[in-house]
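Written out below as structure tokens is the structure these notes cover.
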Amino acid sequence: MKEKVVSLAQDLIRRPSISPNDEGCQQIIAEGLEKLGFQIEWMPFNDTLNLWAKHGTSEPVIAFVGHTDVVPTGDENQWSSPPFSAEIIDGILYGRGAADMKGSLAAMIVAAEEYVKANPNHKGTIALLITSDEEAAAKDGTIRVVETLMTRDEKITYCMVGEPSSAKNLGDVVKNGRRGSITGNLYIQGIQGHVAYPHLAENPIHKAAPFLQELTTYQWDKGNEFFPPTSLQIANIHAGTGSNNVIPAELYIQFNLRYCTEVTDEIIKQKVAEMLAKHNLKYRIEWNLSGKPFLTKPGKLLDSITSAIEEITGITPKAETGGGTSDGRFIALMGAEVVEFGPLNSSIHKVNECVSVEDLGKCGEIYHKMLVNLLDS
């Protein structure tokens with residue numbers, strides 16, 4: 001299995017699919033799946049290409065979810081080998097997308113293909129949802145496919161997202177949930193004027209200072225057994241014209257919260273509004289909800305992937321919910337159990353992104369064993 005996984009991973013990496021471009025990656029995947037009897041459905045939205053492939057017609061529906069798009073390479077001269085050459089050096093496969101996530105995508109595909117070859121009349125349904133819009137806006141990718149499936153009353157029972165979850169060793173971490181993410185774009189109004197005549201102006205920076213102190217020190221919750229406490233970080237602040245003698249007319253503050261299941265986005269919005277009113281600030285605010293928190297509690301999916309990892313690697317994974325958002329948040333809207341597992345994440349989005357060839361082979365074996373655990377038991 002390892003050779004097939006690595007070969008497919010190299011084919012995908014060699015295509016410079018900077019988000020939201022697919023550069024033919026999904027066509028390669030679809031051709032292989034179609035030969036095995038998978039039903040292929042293309043779902044393009046604007047400049048994003050999405051693939052929904054299925055084998056089988058009954059429940060449970062097990063979906064592998066991944067993306068073919070990658071982030072930009074940065075200065076290619078800093079790479080030890082060209083970022084889209086997919087070179088293997090001392091057992092390590094280098095290239096943009098090697099770890100995030102063309103390597104695990106290849107492993108999921110090969111695992112599904114090998115299972116179907118051996119079990120053409122398997123029970124349940126094996127599906128793959130692949131998008132080219134995960135790394136950027138994520139507006140025309142998985143979420144649009146999910147919306148389409150929900151309008152057709154299609155279901156996903158179990159979902160494996162191939163994001164690179166491992167920390168120090170393959171299989172040491174699986175993600176069984178993610179925190180929600182909400183961003184506030186806050187504009188606080190003042191009155192512009194000359195710094196020498198402050199009584200004729202109103203400095204929004206000075207007015208906002210007590211509010212910012214409260215906003216950044218407020219304890220939203222203490223977390224729970226599955227999630228760390230909700231956290232807030234200010235990402236951007238801007239005011240003024242660049243001149244040292246002009247009191248600014250407006251202060252812009254952008255902040256983001258990664259929140260757990262102890263609060264909701266509505267609670268967050270309400271509390272921020274209360275703080276702003278308390279400090280008598282004139283403002284307007286625009287909210288952007290990237291995703292709500294989701295959690296897959298211990299059950300058949302988590303048991304199946306844990307058992308598979310233990311058998312292949314000898315490691316018992318730790319289930320965690322930290323880190324950023326993923327497309328798993330969209331699948332969770334369908335009521336599915338969602339787990340993320342993939343190779344080491346230490347090199348993702350970096351120069352010389354890479355993945356161990358041995359780890360890729362084991363990823364394929366783990367995904368395959370997970371299918372066996374879910375469908376053959």
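Keep in mind that glycine also has a Cβ here, set from the backbone N, Cα and C atoms.
Features of the protein shown, as given by Swiss-Prot:
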ACT_SITE  Asp69  active site
ACT_SITE  Glu134  active site, proton acceptor
BINDING   His67, Asp100, Glu163  Zn(2+) 1 binding site
BINDING   Asp100, Glu135, His349  Zn(2+) 2 binding site
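Sequence features, as recorded in Swiss-Prot, placed on the structure.
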{"residue": "His67", "record": "Zn(2+) 1 binding site", "contacts (Cβ under 8 Å, 6+ apart)": "Met101, Leu105, Ile130, Thr131, Ser132, Asp133, Glu134, Glu135, Gly141, Thr142, Asp327"}
{"residue": "Asp69", "record": "active site", "contacts (Cβ under 8 Å, 6+ apart)": "Ser17, Ile18, Ser19, Pro20, Asn21, Asp22, Thr131, Ser132, Asp133, Glu134, Glu135, Ala136"}
{"residue": "Asp100", "record": "Zn(2+) 1 binding site", "contacts (Cβ under 8 Å, 6+ apart)": "Val70, Val71, Glu163, Pro164, Asn345, Ile348, His349, Glu353"}
Checklist entry - Using DSSP and three states only, what is His67 (Zn(2+) 1 binding site)? => result strand
Checklist entry - Using the Cβ centroid of Asp100, Glu135, His349 as the reference point for the Zn(2+) 2 site, which residues of the same chain not in that list have Cβ within 8 Å? => result Val70, Val71, Gly97, Met101, Ile348
Next on the checklist: What is the set of residues, excluding His67, Asp100, Glu163, whose C-beta falls within 8 angstroms of the centroid of the C-beta atoms at the Zn(2+) 1 site?
Outcome noted: Gly66, Met101, Ser104, Leu105, Glu134, Glu135, Val161, Gly162, Pro164, Ser326, Gly342, Ile348
Checklist outcome for this item: Looking at the recorded positions Glu134, Glu135, Glu163, the one with the fewest other Cβ atoms inside 10 Å is Glu135
Checklist entry - Including all protein chains displayed, how many Cβ atoms other than that of His349 (Zn(2+) 2 binding site) lie within 10 Å of its Cβ? => result 14
